[in-house]
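Features as listed in TrEMBL:
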- 37-103: domain 'P-type ATPase N-terminal' (DOMAIN)
- 97-115: transmembrane segment (TRANSMEM)
- 298-320: transmembrane segment (TRANSMEM)
- 340-366: transmembrane segment (TRANSMEM)
- Asp414: active site, 4-aspartylphosphate intermediate (ACT_SITE)
- Asp414, Thr416, Asp837, Asp841: Mg(2+) binding site (BINDING)
- Asp414, Lys415, Thr416, Glu518, Phe559, Lys582, Arg616, Thr696, Gly697, Asp698, Arg811, Lys817, Asn840, Asp841: ATP binding site (BINDING)
- 863-1117: domain 'P-type ATPase C-terminal' (DOMAIN)
- 894-915: transmembrane segment (TRANSMEM)
- 927-947: transmembrane segment (TRANSMEM)
- 977-996: transmembrane segment (TRANSMEM)
- 1016-1034: transmembrane segment (TRANSMEM)
- 1046-1068: transmembrane segment (TRANSMEM)
- 1088-1110: transmembrane segment (TRANSMEM)
- 1187-1202: compositional bias 'Polar residues' (COMPBIAS)
Amino acid sequence: MDGACFRETLRTRRRWPDVMAIWKKDIRIALEEERHVRANDRDYNERFSYADNRIKTAKYNVFTFLPINLFEQFQRFANAYFLVLLILQLIPEISSLSWFTTIVPLVLVLAITAVKDATDDYFRHKSDQQVNTRQSQVLIKGKLQNEKWMNVRVGDIIKLENNQFVAADLLLLSSSEPYGLCYIETAELDGETNLKVRQALTVTSDLGDDVAKLADFSGEVICEPPNNKLDKFTGTLCWKDNKYSLDNEKMLLRGCVLRNTEWCFGLVIFAGLQTKLMQNCGRTKFKRTSIDKLMNTLVLWIFGFLICMGIILAIGNTIWEQKVGSDFWEYLQWKELTINAVFSGFLTFWSYIIILNTVVPISLYVSVEVLRLGHSYFINWDRRMYYSRKDTPAEARTTTLNEELGQVEFIFSDKTGTLTQNIMVFNKCSINGKTYGDVYDEFGHKVDITEKTPCVDFSFNPLMDRKFRFHDSSLVEAIKLEEPLVQEFFRLLALCHTIMPEERNEGELVYQAQSPDEGALVTAARNFGFVFRSRTPETITLYEMGQAVTYQLLAILDFNNVRKRMSVIVRNPKGQLKLYSKGADTILFDRLDPSNEELMFTTSEHLNEFAGEGLRTLALAYKDLDEDVFDEWMKKLLFASTALDNREEKLGALYEEIEQGMLLLGATAIEDKLQEGVPETIACLTLANIKIWVLTGDKLETAMNIGYSCNMLRDDMNTVFIISGHTMLEVQQELRTAKEKIMGPSKDKFSSGLDMEKTELYSSDSVFEETIIAEYALIINGHSLAHALEADLEQILVDVACLCKTVICCRVTPLQKALVVELIKRHKRAVTLAIGDGANDVSMIKTAHIGVGISGQEGMQAVLASDYSFAQFRYLQRLLLVHGRWSYHRMCNFLCYFFYKNFAFTLVHFWYGFLCGFSAQTVYDQWFITLFNIVYTSLPVLAMGLFDQDVNEQYSLRFPNLYRPGQLNQLFNKRKFFTCTLQGVCTSFILFFIPYGAFMTAVRDDGAHISDQQTFAVTIATSLVIVVSVQIGLDTNYWTAVNHFFIWGSLAVYFAILFAMHSDGIFTIFPNQFPFIGTARNSLNQKIVWLVILLTTVVCIMPMVAVRFIKADLYPTQTDKVRLLQQATRKQGPQEQNLRRVRRTSSRRSAYAFAHQQGYGELITSGKNMKVPTSSTSTYPLSSPTRGLTGTSSVKNSGVNDTTRDQTETYSTGFRRESDQSQEVTVEDLEAR
């Protein structure tokens, strides 16, 4: 109950932040430069007016709900517009309609929204109450007392027990675990369910659970002001004339849950709205689709059109009153107020604005939101996007972007964990200039490693990991021969990391790795005889070839995205000081001793070979430290670690100082395999004219090989351009060279080529003809990209990149990923999608129009920041080509029909104005006007918008180029809007004038004249309902029982209400509201009325039917052809589709980036030996480009041995397709099949 309650509070807080509370909070934070908190001293702390621990996420109370909610709703243009109309209708001189014609639909919309808001706020009140009244043990006046959370204050000391939620942001003081450790779950903060470790300062952990000592504790914390950075905290504890450095690893944040720890004590630093949890609960940036923006524009145009119609009819009224109206004064005497004809025209203008108001659709936005919600549920319910291995379904985390999924032109993808599995395997290594990992036969020839290749026997090591596989026995021999550098190599791997060991049942040793890379490296060291066994805050214990050896851990020089390396300083049992470091090759190479130049050159060649095979590489180095130098450096480190200002910069400078003059040991190579179905998915999306850019932190060679592995790069490509310049001039020249090679010297051709590209692609006669822009690829390094993103070069970068079939950016930072996405958004009118799985992908995901998170090995940060999430990259194909395309198709058809229906309904009054002296009289009965949009025609169009399919899912995936109309905005644009509104205008013209002409001379069956106004109105209304129902039947491609029920049911409801309103009974009850007794019965009993209705329906519908048949026969679209094929296949009955198998050649290569989270080293240094499983968290590549790669280079037909194999993928949708992306399928082939 507590967890569910807290999650609900968090969700509702994100949805509806309390405006006034946040405003007051921001004022306090803006004035607060640093925070002073004194333990056990409420009087001192209250002087600073810190926030209390009460939270309020509810927006309303009983008295404020109605005014505030109505105020919010009337800030929407449509609601305010109809409110103005309602006010106008209360003026008798201009109102031709009763007030209920406007108030009924308006109140319905307002009521639906108000009920939803009230329900949400009720649950917010309930959650607030449950959270604020939770009990917590607070140390007050020397005693532990149970207090409600809302009564907790900054400076209080709180006792937490196992499985309790943390009440506020606490500084951990002591715990029941050794070394002041405690374990927390942060699922409410970052979505990660793995346990994390926190540790108290040694001086406070000695307080234990002694209440008397804790009550006497008077330490003062000086720290940063409240902020929303969950992974960062900077502060200092002043106690007993000493200062102690505080960081995030000593904090327990509100929203965490204490796990596997009997008790702990903490000092409240931030409370209530100033906690980091609540600081992160603001609104996220609202993403709007291109259809949203277009709809807003069109609604304004419609409003302008309404004004124009009102002006035309007002002018007509003025002229009519001047020339004709005076003849009627004897019969229809005016009030003195309206004798002036001009003033009569002015009043008529407002009258017609009221009558024609339905041309602006009040229910449009509500209906659109209903459709989007339904489309989101379809994604959530799709079993073919469910990953059973991790019990992870697809999730639409937003309901506003579904149709945008059908318009994506650019996909920006991370590599590690997104295209690859992020499951690392130690594959090869280089030690002192010699490589290990390859297998050779008796003749010295390299042998391909397969599943049948024998593995190395590690039976000499009783602590080996039985899952580990290695095939080169020479490395084991080197270990057994006790070669010093080989042993030092694996000793470094066993010492330089942040892994926590856990001993499970029956003595099983399990490593809890912060990153998959570290897990693979330490596991390799374990199998080769250097077993990482345990750690304390001050020591690391290894079993070196069966002997226990304990090293004193003196410092961890932590990893970050700038350093791209981590180091440890240890003292071995002999008393020697050692620094061990691992990181990106170029980063470490710049810090090596000059005597290593020859070894560095050899190792660089090995690194290039490893990267060429798609392996993730890492360089290793070490250094012997002088005792005096280290002591002096350690003093500087302690001083920098307690600094409040620029602490990270000062620490970074000290790390740089000690990491100079290292000696190279070698390098490692780790394999990260591709996810299942990645090459096929990329090939299919490429056929859909979606450009896929890979943005990775890997080395250039690795980036190229992941391209070959995914079929993004092929040996038969014309040229692969490599942009690796180090200066702006070099990058500019390389881009210009690439541009000239692609486009030739003609600048005119280049300037026009990009604009014509989309149209040319889609104008192909054959739906199955695959066209590519050019067989070129662009690969650009991170340092070159930094120059290319400058204002002077960004345009040429966009031009060249968009003309290449494949773009890969390597060695990029998280910020550069976001900048690349922003660049395309700014220069190309295209929908962008970013997909990733780690914290380093969050900025890219938030920048793109659509963000997709992969729930993988790197935590949940990407998922939490995303709009859609699932477990495997291959599901992206179905998300876009099925759900995205359907959503776009359904939304466009819905909007076209909606505007058509409203114009056909409303403009009948416009034509009637010319025949009634522009007197603002209505054709329809007022109740018909009220019910038309909300009862008679609302459900059929919603059914079409929810369930329609132009082609089924199998054909949507089988023919990816059906996706292109969405990219070209072909199904709903300004031209399409004018077409459907013109159809509505013509329909209204026919609806009015055919009955008008027919009834001019027509008589009833008994000879009486038939042309009374009510018969005329019933005829037009009935014709309208039938016409729009037939039209939606024509627009529906995929019929379900729901469609039938809603269409036929709406017609039945219309006739039932029609006869009820004109019945004797309703007249008896409401004689003033329903005066036309028996009109429906008398009218619809006449044959001529039904003939007129039939004629009107046929004349309205037949032109559209004829146009559609002619277009489908003479100018068929891609969808028309595929639909025809689908229908033909259905008629033939189920049969095996004998698609021809296509043999293709490809260069099969592997993939690559080292991952580690900043800040974890200090956690280890302070002694957090984990005893519970933790999964990997956010990571970032730690590799660097190969040295010496400069200038523009091109790769032509690389000559790598091709492997020929059949590639036929069986999809979960039940059909088979060839994976060769260059295969062309013609209409004739399909007809033959």
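Even glycines carry a Cβ here, placed using N, Cα and C.
Nobody curates TrEMBL annotations by hand; they come from automatic prediction.
Keep in mind that this is a model prediction, so the values were computed, not measured.
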Euclidean distance between Cα atoms of Thr416 (Mg(2+) binding site) and Gly697 (ATP binding site), Å: 9
Thr416 (Mg(2+) binding site) and Arg616 (ATP binding site), distance between Cα atoms, whole Å: 10
Any contact, the transmembrane segment (977-996) to the transmembrane segment (1088-1110), with at least 3 Cβ pairs under 8 A: yes
Cβ neighbour count (within 10 Å, all chains shown) around Arg616 (ATP binding site): 30
Touch test for the transmembrane segment (1088-1110) and the transmembrane segment (1016-1034), at least 3 Cβ pairs under 8 Å: yes
Of 298-320, 894-915, 927-947, whichever stretch has the most CB pairs under 8 A to the transmembrane segment (340-366): 298-320
Residue, out of the binding-site residues Thr416, Asn840, whose Cβ gathers the largest set of other Cβ atoms within 10 Å: Thr416
Count of other CB atoms lying within 10 Å of the CB belonging to Gly697 (ATP binding site): 33
CB contacts for Phe559 (ATP binding site) [other CB atoms within 10 A, all chains]: 27
Lowest local Cβ density among Arg811, Asp837, Asp841, which the record lists as binding-site residues, within 10 Å: Arg811
Inter-residue C-alpha distance, Arg811 (ATP binding site) and Thr416 (Mg(2+) binding site) (nearest angstrom): 13
DSSP-assigned states of the domain 'P-type ATPase N-terminal' (37-103) in counts, ordered helix, strand, coil: 31 helix, 2 strand, 34 coil
Cα-Cα distance linking Phe559 (ATP binding site) and Thr416 (Mg(2+) binding site), given in Å to the nearest integer: 18
For Arg616 (ATP binding site): DSSP state (helix, strand, coil): strand
Three-class DSSP secondary structure - Asp841 (Mg(2+) binding site): helix
